[in-house]
């Protein structure tokens, strides 16, 4: 009967159970004894463990093969075959001791399958059926967590509530997840904890404050650390940088940089002539800066028109009714700017509109005199002499006194 003994007393290697193959043991569920008192042969799986990354100077003891027919006279030769036999794993032909001669790495290969034989030293014939066994490489915590999907870029709207989910990061650990805590990773914020948190188990990043303001800072660089051994002292760690972009919401109203603008135009300008442009500034971006303009006072509505240039977001002021310098030299127009898309969540921040005054000076133009005939019909005698006065016709200059009629 061929026995495989576990190395429970050797540091760094052991087996979970002793494995036996040969007469004396039956397969599970089978009767142990056959007719005539013979015992049915059966296979029992065997497994040894050997620690990875062994740094000792001597070969690492793995386990021992022994046959119960071995009387210690050296007549039995023990051999092994299979993965790593003769290179990584060597066996003492006389004692059956197995040693690992190379430094093993579980992350490269987790186990080796071999077969053990007991042979007659003289004839090299098998004395009993060979037995298959496994040498499993025992994990140690030699691999730090790694973030493999970077670079990470996430986004969150400004003024989002505390706890708003931004994104998830995940680190992987090449150590054995089924053994100990070597591959059990927890997350923490290394830099940026003033504004963001991370779930220690899931790696979900969330906002830690409710006052993120894009107009003040539009991006953050947050360093997330992953530590194995469930974060215990001595665990290995790795880190990654997450770029979080703060996106815009319409939280800023339009504001005119000046409270008054002044323009001038000649009185003869035709209807539709552009007088000038004014623009309200908005700290937001994109469609949140789109706005419309309108004239708010009655006089301005009658005389002038305001349209919005969709490309520049400027208010274009044009003549809507003919101007007359002699009637009114200066017009005062109240122009109002308001956002197109108001977010109802932020109406409590204040009114999303602003007003400015536009003063339009009408410039005089030298207009021709206007003749004003008498209101009554002029009559003349048929025998009137040449040069006789028939009547008087007057001409008035509609401009100022600086332009007399000649």
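Using N, Cα and C of the backbone, Cβ positions are placed for all residues, glycine too.
Summarising the annotation, TrEMBL assigns domain 'Cadherin' to 67-147, 148-256, 257-371.
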Where DSSP helix means H, G or I and strand means E or B, what are the helix, strand and coil counts for the domain 'Cadherin' (148-256)? 3 helix, 46 strand, 60 coil
Averaged over the whole of the domain 'Cadherin' (148-256), what is the pLDDT? 95
List the helix, strand and coil residue totals of the domain 'Cadherin' (67-147) as derived from DSSP. 0 helix, 37 strand, 44 coil
